[in-house]
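The signal peptide feature in Swiss-Prot is assigned to 1-19; the stated evidence is sequence analysis. As annotated by Swiss-Prot, active site, charge relay system applies to His154, Ser156, Asp168. Annotation source Swiss-Prot lists site 'Critical for activity' at Asn157, citing similarity to another entry.
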Amino acid sequence: MQFLKKNKPLFGIVTLALACATAQAQPTQGGVSLHYGIGDHYQRVTLNYETPTLWSHQFGGNWGRLDLTPELGASYWWADGSRSPGHVWQASAIPMFRWWTGERFYIEAGIGATVFSSTSFADKRIGSAFQFGDHIGLGFLLTPSNRIGLRYSHFSNAGIKEPNPGLDIVQLTYTYQF
């Protein structure tokens, strides 16, 4: 018992390595994800439902697999300091493509529709409540049911209405797959 007390970090690393060694990426039956992001004077938290994989293609050789998995989500944004308005809600529907380059690593990208509860946020006018969400990221499958990732997202109305300053955010993601 004394050995475990003195070597907790080593024990934790070995346990995590063993858990990861058995993880294999498979098309999912769906899941939920939680995202926390930081932008220029604002932050965002998101809860997404990931549908089951709609489409999957296994490449030949060692090129991995490409999956299409839509994400339906709700986000809450809040501004730092006295920026006005100080908060806004967002709903989104984003088809995400995930390229599983091996058993555990993936690269993802997606573009989809989002709707904000206001056309102003954090001292910015965003032109319209409708915005496109552009996402690119990468991640790692920890266990067959758990994955983590890093994602960059850009939201703008693509010039449909002025002004169109866009909102950018970098997020840490955690997903529990069913």
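Yeah, the Cβs are placed from backbone N, Cα and C, and that goes for glycine too.
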Work through the recorded positions one by one (His154, Ser156, Asn157) and name whichever has its CA nearest to the CA of Asp168 (active site, charge relay system). His154
Are there residues of the same chain, six or more positions away from Asn157 (site 'Critical for activity'), whose CB falls under 8 angstroms from its CB, and which are they? Ile126, Gly127, Ser128, Phe130, Gln131, Phe132, Asn164
DSSP secondary structure for Asn157 (site 'Critical for activity'), reduced to helix/strand/coil, please. coil
Excluding near sequence neighbours, so keeping only residues 6 or more apart in the same chain, what lies with its CB under 8 A of Ser156 (active site, charge relay system)? Ile126, Gln131, Phe132, Asp134, Asn164, Pro165, Gly166, Leu167
